[in-house]
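First comes the structure, then the notes that go with it.
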Amino acid sequence: MQGEDARYLKRKVKGGNIDVHPSEKALIVQYEVEATILGEMGDPMLGERKECQKIIRLKSLNANTDITSLARKVVEECKLIHPSKLSEVEQLLYYLQNRRDSLPGKEKKEKSSKPKDPPPFEGMEIDEVANINDMDEYIELLYEDIPDKVRGSALILQLARNPDNLEELLLNETALGALARVLREDWKQSVELATNIIYIFFCFSSFSHFHGLITHYKIGALCMNIIDHELKRHELWQEELSKKKKAVDEDLENQTLRKDYDKTFKKYQGLVVKQEQLLRVALYLLLNLAEDTRTELKMRNKNIVHMLVKALDRDNFELLILVVSFLKKLSIFMENKNDMVEMDIVEKLVKMIPCEHEDLLNITLRLLLNLSFDTGLRNKMVQVGLLPKLTALLGNENYKQIAMCVLYHISMDDRFKSMFAYTDCIPQLMKMLFECSDERIDLELISFCINLAANKRNVQLICEGNGLKMLMKRALKLKDPLLMKMIRNISQHDGPTKNLFIDYVGDLAAQISSDEEEEFVIECLGTLANLTIPDLDWELVLKEYKLVPFLKDKLKPGAAEDDLVLEVVIMIGTVSMDDSCAALLAKSGIIPALIELLNAQQEDDEFVCQIIYVFYQMVFHQATRDVIIKETQAPAYLIDLMHDKNNEIRKVCDNTLDIIAEYDEEWAKKIQSEKFRWHNSQWLEMVESRQLDESEQYLYGDDRIEPYIHEGDILERPDLFYNSDGLITSEGAISPDFFNDFHLQNGDVVGQHAFPGSLGMDGFGQPLGILGRPATAYGFRPDEPYYYSFGSR
């Protein structure tokens, strides 16, 4: 059409239906716009109709609002609603007033990890309805003064909020270039203008295929500069406010200062509201762009983490949700996590737990879960008092799972296990265990309980009342290996709790069978092996439940998995403390089977240590001592292992050989000879390999060396050796090895090797001061953690 053919444009607006907004407190007015181009004679030449809608938000609507007055005001101010529809508007407002915000179930279903879109704000809410055909007019407004630029950007934003318009806007390079230029040049002039333009680009950022456009105009870098500037401005506002508050506090009678402070405070509140709208939309845009890790790295290099952690000091829930969501995304990379550590993030997050806002609390807990993989941050969480706060959340169904995961990570550290005893955590966990209706307990719950049961104080709380009885009943009913692992941890602690297991020895022994699931059998065996109770008649247990054939059968190389075989060896070590049991086992031919296993597993220190511990137990008893010394090659193996690089193995060997030497003179000579040879090996090698000349033979004083080497039997010089127990020298000095260093294990102070004894005698007449059970592979193997891990969330 030629320009002269059209004289003017006729626009007609026709009102339509009115309805309530599905989620907000707002009315939706449907209307139709009809545009007609008239010719020179006034006749219509071209016409177009478009259906539109206007949203009237009713922020002030609450339970006490006068509906009649509000309806009248809405009809008066909105020209799209005919006065005849006043009663209809009133009914809709009444419905909105009484409508519940959302159903709890629905809200839970719709909950997303992504924050909500920024709401409408002052500057974008204008009465004018934008039209995609009027884009040229809106672009022209961007070249005018600030108020016109704000208006033009608001109209373009109105269009951009409708995803259907984005493709068309993308083709309008003039508009996008003008918006980017105005933002770059004028963002300091008007917060509303900056917010509008960033919001327009945010609409594009919601779709990954538009990210190239935002990168092209360098909007991301500009947003980071704006955020940094606004955060610094906020600090200046706070400083100014703080100075005026201090002046008022120092001169309470001065009303002028009070009025000045009140005025400044109101101004500050208004500025903060606008600033937080800007921060929210800018950060959301960056969060969308950060889905590309290369872009995220650029943000990290521009200190995005520091900016976000600073923003945690705000009180605006919606802004905080966005900030914490961003931090959660960033926290999966170590560099970002380290930046958060520098900014003391845990101290800032602790104030949000608990909080009234459900979404904020949920996302904060998820950020803490990510951070809790770091040992130092777990330590910080305990220091700032998060333990009782997280424990309190276990009772809330919405947060129970995520809070438990964080607590589980904290429970991995031995230092913190005992602290759980001073919260109400354990009673809550026990309640959850017994209320769990599924055949298998939640992995997170049982893993957490397994860790806590490694501490003696916690175990006392677990066993209170019928705690152990209920656990045993459930574990045996469901054949649950993880629940039995928890029971096994309970059984390892000396004291009253160990004696509670006397009632369940039969139940546990009945599970030791090849017909049961191997994992479950391992845990039952491990629990029985922990029951070093003097009054327990192990011979009766072995005979009644026919355990000896099972134990012997599993010792054959390749007969079972290594984990099960190791538990069998440990079990044999426990029952061998009993004289009659040791004899029973010796008669069954278990000792040769152990030696064969020792040959097969000689590279595995754990196996070696536990097998020689069985020998150590057996040499205490006359019946088994003779078998070991006279009928097997066990002493020879022990001599070979005397100088093993593993300290634990050396210790058990030395003590076992000392007992053998005490009862057998022939072996005593061999043992002493080997000890002497090893102790003096370097010196002897030097002497035998060199011919000392005249100048060297007096290096060692006046005493001649020859008598020690050539004259007489070397074994006739007992002053050169340790005595039979290997600890006391001929001068009566005590070897330093006699003393154990103490350390912290599972939150309890224990001996260096987890088996300190007193110098008294045990129930079988054995001196406890020499040796106790070596640390077992259960929970302490170097190749696997003692706690149960679960999948990352």
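Placement of Cβ uses the backbone N, Cα and C atoms for every residue, glycine included.
Of the residues Ser23, Ser60, Ser153, Ser418, Swiss-Prot records the annotation phosphoserine for Ser60. DSSP assigns Ser60 (phosphoserine) to coil in the three-state reduction, placing it in neither a helix nor a strand. Sequence-distant contacts of Ser60 (phosphoserine), defined by Cβ-Cβ distance under 8 angstroms and a gap of at least six in the same chain, are Leu70.
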